[in-house]
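*Asks:* Quick one: the structure is below, and I'll ask about it shortly.
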Amino acid sequence: MAHTALTPVFVGLRTGLHVLFVVLAGLVIVRALVVPSSSTIAIVAVAVVLIATYFVGAALARGAGARGRAAGLIWLTLLTVEWATLLWLSTEAAYLVFPLFFLYLHLLGGRWGAVAILLSTAAAIVALGLHGGWTVGGVVGPLVGAGVALLIGLGYQALAREAAEREALMRELLDTRDQLAVTEHESGVLAERARLAREIHDTLAQGLSSIQLLLHAAERAAPDGPGVDHIRLARETAATGLADARRFIRELAPPDLDDQGLGGALRRL
């Protein structure tokens, strides 16, 4: 996830979910060791495998695209199967359903996530009832946890959508700023080229044109006079310089004006 103003919120929620999962799984292990039974070894083994699966899958499921989504679904399936196995062995595993609620919402989306939450809540209620007897707390507790998880999960998704929209808007603004900077630079270059073209036209080209006219008049006034060859050479040199100046002016003209002419450029405006 790209860094945004809401990134610390997401990091905090994810870290809290990791801590909650480890604490609840640790309580299952501690309970099994403090009150040993014939299932103690199996409970500890399944709990350790569950913790390992959780963190390995959390690292692998961060990939982007279809591969990351497929890995997340496989990871979620393994967690659910391992949790159900642990729930069969120990009633304390029922409390691990709470962090699973958030994973269901995150990886399955709102609709299927809600279905998975309802099914896992029912499984937790049945497990608590079968192992410890049917009580109000054994029924209400998982239901309240499911409701809280739904509210928090939906709020998280709303924040994620808002963050994505803000990030997209920020990228659009940055792209617009970059395009504006490029446009301003191009406009500055065109303005400088137009200024140079005007200066060349107003000074050099006009001066060479005047010199050429004067030399041409002098040549016609005394076609057989002394120095006429030098006058003719000077006039031809001035004509060459004027042609070069006009070529420079054409090269400095904006491309649109040069390709389309004045009428096409005016139509574009």
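Along the chain as shown, the residues are counted starting at 1.
For all residues, glycine too, the Cβ spot is worked out from N, Cα and C.
So TrEMBL lists the following for this protein:
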COILED    159-186  coiled coil
TRANSMEM  15-34  transmembrane segment
TRANSMEM  41-61  transmembrane segment
TRANSMEM  73-105  transmembrane segment
TRANSMEM  112-130  transmembrane segment
TRANSMEM  136-156  transmembrane segment
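Could you place these features in context, so I can see how deep they sit and what lies close by?
*Replies:* Beyond the ends of the transmembrane segment (15-34), by six or more residues, the same chain brings 40, 43-44, 47-48, 50-51, 54-55, 58, 86, 90, 92-93, 95-96, 98-99, 102 to within a C-beta distance below 8 angstroms of the stretch.
Long-range contacts of the transmembrane segment (73-105) within the same chain, counting only residues at least 6 positions beyond its ends with a Cβ under 8 Å from a Cβ of the stretch, are 17, 20-21, 24-25, 27-28, 31-32, 39, 42-43, 46-47, 49-50, 53-54, 57-58, 60-61, 112-114, 116-117, 120-121, 123-124, 127-128, 131-132, 142, 145-146, 149-150, 152-154, 156-157.
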